[in-house]
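First up is the structure itself, then whatever we jot down about it.
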Amino acid sequence: MVTIRADEISNIIRERIEQYNREVKIVNTGTVLQVGDGIARIHGLDEVMAGELVEFEEGTIGIALNLESNNVGVVLMGDGLMIQEGSSVKATGRIAQIPVSEAYLGRVINALAKPIDGRGEISASESRLIESPAPGIISRRSVYEPLQTGLIAIDSMIPIGRGQRELIIGDRQTGKTAVATDTILNQQGQNVICVYVAIGQKASSVAQVVTTFQERGAMEYTIVVAETADSPATLQYLAPYTGAALAEYFMYRERHTSIIYDDPSKQAQAYRQMSLLLRRPPGREAYPGDVFYLHSRLLERAAKSSSNLGEGSMTALPIVETQSGDVSAYIPTNVISITDGQIFLSADLFNAGIRPAINVGISVSRVGSAAQIKAMKQVAGKLKLELAQFAELEAFAQFASDLDKATQNQLARGQRLRELLKQSQAAPLAVEEQIMTIYTGTTGYLDSLEIGQVRKFLVALRAYVKTNKPQFQEIISSTKTFTEEAESLLKEAIQEQMDRFLLQEQA
C-alpha cells in the first residue's frame, strides 16, 4: 500500500499557491436579439465605442454603428449565417485597422486587406487605422507638380497635380475606367505608387483590369483593392477607406501615390442599404443625412504633404457614374463640390468616335497650369483657345450656308485639333510626345492633310523624332522648357517627316 506523505502534499500545495497568478479580466459582452440582412441588434455591450469591432461567438466580426438606449446596431463583415439569436457577442476594444507594408505592391486584396489572388499571405509588421483624420492645413502645401495621365486632352487642358482630387464623371460605358487605368499605366518609371479600389464592380471587369496591369508590368507599383457586387454591403462601404489607408502609408513615407475609387456612388448605395436597415432616417434619394461626410472624409485624405512631412502626395481620382448625363443628382453634386475639378465624359462624343470622350468645354481643373511643366504651358494655351473658338463656330456653322475663307480655315483647323486629341486605350503618351503633337497641330502643319491622315502622320512623326531627333526629348525632359533649340529641331523633323509622308501616300 502506498504511504501518503503529508509534507510532500503540503509542499506541492504551497508551490501551487506561490505560482498562482490572479488575473481578473473584464469583458464587455452582449446578447444577439435579432440578426438578418447583414445587421445584428445586440442587447448589452454597454460601454462599446462607435465604430468599435465586436466579435460574435462563432467568429464573425462586426462594427458597432448605432448606439441606442436599449440596444446596439452592428453591421456584419460577412454573411453571418451561423449567428443565432441569444448567442453572445464581445467587444474587442479595437477600431477597424489593417496591416500595411511594401509587400502589398502587386497584390489583389479585399477590404480587410486579406489577399484574394491566391498567392499566399502578405507579411506586414505595421498597421494603420482604416479611418484616420485628414492632414490639417499646416501639414499641406499647394499642389505644384504634375501627375501625367498620358492623355493629351487631360495633360494639356485639364491638368492634374500630385495631391489633387479630380473627379472622372460620365454615363455608363463612356470610358471612365479606361481613363483611370491609362493613368496608372502611365506612372511606369515615374516613382508613383498606385492603388485601384473596385467597389461593387463585376468580378469579370476587375479581372480584366488586373490582367491589363499584369500584361503591361503595372502591377509592380499597384495595389488592387476589390469588393465585387456580391460582397456584403459593409465591405463595399469599407473598401475605399482601406485603399486610402494603404496610400497614406506610402504618402507619409515621403512617396507619391495615386488612388482611384471606382466608384464612390456604389459605396454610397451600400451605405444607404446599411443605414436603412439600421432604421436611420432617410433623406434625399433615400440616402442618409451623413452621406456627404461619407465621401468628404475619404477625399480630404488626399493631400500634398508639406516639406516638414517629406513632400509625399496622395492624388485621388474618384469615378462617378451619372444617369443619362444628369450631373445634378445627389451623389454627383456632392462629389463635384468636394473635388478640385472634374473630367466630364460624354456619351455623344463616345458614340461619335471621339475617344477618350472628354468634353473639354465643361471639364475643369481648379489647380490649373500650376500642375503643368513650363513646356506644356507654352504650347497648351493656344490649343485651349482654338478648340473653344472651334466649338462656338461649329455650332454657328450648322445654320449658316456660305462661310468665308477664314471661317472655313478655322473650322478645318479645329477638326484636325480634335483628331489630335484622339488616343487608343492603353496607349498613354510621354509629355515630350504630347508637346510635339500639340505644337504640330496649333502651328498649322496638319492643315494640309486630310482628316483621316492626321493620326497616321502623328504616329509616324513621333517615331521619327524618337529615332532621328533624340535631342528634342532630352531638352524637354532636362529643362522642362520648350526652348528655341527644341522648336527648331521639331520644325525640321515635322518638315522632313511631312515630305516623306506625302511621298508614301502618293505611292
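Backbone N, Cα and C define each Cβ position, glycine as well.
Values in this document were obtained by computation on a predicted structure and should not be read as measured data.
In Swiss-Prot this protein carries:
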| type | residues | note |
| --- | --- | --- |
| BINDING | Gly170, Asp171, Arg172, Gln173, Thr174, Gly175, Lys176, Thr177 | ATP binding site |
| SITE | Ser363 | site 'Required for activity' |
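In this structure the C-alpha atoms belonging to Thr174 (ATP binding site) and Ser363 (site 'Required for activity') are separated by 15 Å. Sorting the recorded positions Gln173, Thr174, Ser363 by the number of other Cβ atoms within 10 Å puts Thr174 first. When Cβ atoms from all protein chains are considered, those within 10 Å of Gly175 (ATP binding site) total 20, not counting its own. Of the candidate binding-site residues, Gly170, Asp171, Gln173, Lys176, Thr177, the one lying closest to Ser363 (site 'Required for activity') when CA atoms are compared is Gly170.
Annotated ATP site Gly170, Asp171, Arg172, Gln173, Thr174, Gly175, Lys176, Thr177; additional same-chain residues within 8 Å of its Cβ mean position, judged by their own Cβ, are Glu321, Leu345, Ala347, Phe350, Ala357. Fewest Cβ neighbours within 10 Å among the binding-site residues Arg172, Lys176: this applies to Arg172. Counting every protein chain shown, the number of other Cβ atoms lying within 10 Å of the Cβ of Gly170 (ATP binding site) is 26. The Cβ of Thr177 (ATP binding site) lies under 8 Å from the Cβ of Ser205, Val209, Asp262, Ile319, each on the same chain and at least six residues away in sequence. In sequence order, Glu321, Thr322, Gln323, Ser324, Gly325, Leu345, Ala347 are the residues near Asp171 (ATP binding site), counting only same-chain partners six or more apart with C-beta under 8 A.
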